[in-house]
Ligand SMILES: CC(C)[C@H](C(=O)O)[C@@H](O)C(=O)O
Ligand code: SF4
């Protein structure tokens, strides 16, 4: 009997010769990420559980990104508690202002293919893009891992998305995942593994693959995985020969298989206030926009800033429209600056935010006010997510956001490319 990629990663981790979807089992945790919102709660639970030493300080990464720059005095307490615990437990990986956790974990190679990784954030699914089993957990489970290095999971059944062919101009992986969310619904992947495959996926950059895996959780999925290949091995700096087993078997069993022809994809937008409330951009043309946001762990990478700069170069954003750009990490910021991309965006009228979560969750680095409409490259448009509950959030690709910022209303990016 064949196994899926997700089952293979779990078998590799547990050294089992077989696993079955739906089975409960203990995995050996390869790496964990704790961000600044939950760090104090993990530490408190860890002590309450009677643990004294973490199971392996080299497998723990702290990232301060949700409360950076600190907007409220009490937020600083989170960083002080995490700093003290890291010192006490000899945890060396503490990133205080280097970027968003889900960019740093793969970018700094804390996560590599074939690993089992947990994070105190729902978008920990992002690292499935490099072939890991990675998912978000609560701070109680994280405290238990700190003390034992293990966690029980239920092996998720897999929904397979075969996507083949060439994406049309102006259409990106964000349009793929939004279309899939529209097709299966925000609960269509509950406790499932989403596996993205096919020639279109193989043609995507690692950054573009991360957008797909990042938003798997928006369908309720446990993980969003992609078979590691030469691109992955180069990105992660690993020898591919040790990962040749990390692919689904031809006779693997899936709960459902979805087939898409890439040429049928178009620029789409998730309309307020659900990620599966999808519309073709053409049906929304002319909808007034007050703010654009390009950033987050979904689409704040070099290629995202690059395509926005391609559209905005030599142009100015519409009057009374704000465009906030937040690179997903300091290294992306520096690379984009060196390439002249930041200059083009600022010249066009963009405001640069520090590389952190910022406006994405309305915690630091701006908010969307009453009655405002924002079109954003992040992954959630729940009521009030980015500020006022009387604001509206549209989700789209960086190209669609850039086109909207230019016109001050929702626009089709294809005419600018
Ligand atoms: C704050 C954190 C718990 C939350 C998450 O887990 O996703 C945030 O990162 C988000 O994007 O909504
Ligand atoms: S960038 Fe947004 S989606 Fe990503 S971890 Fe931060 S708040 Fe969550």
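Glycine too: its Cβ is placed from the backbone N, Cα and C atoms.
Note that this is a predicted model, so its numbers are computed, not measured.
Per TrEMBL, the feature [4Fe-4S] cluster binding site maps to 297, 357, 360.
In the structure as shown, the Cβ atom of residue 360 ([4Fe-4S] cluster binding site) sits within 10 Å of 30 other Cβ atoms.
When each of the binding-site residues 297, 357 is scored by how many other Cβ atoms sit within 10 Å of its Cβ, 297 comes out lowest. Other residues of the chain with a Cβ within 8 Å of the Cβ centroid of 297, 357, 360, the [4Fe-4S] cluster site, are 65, 66, 100, 102, 123, 295, 296, 298, 300, 326, 328, 356, 358, 361, 378.
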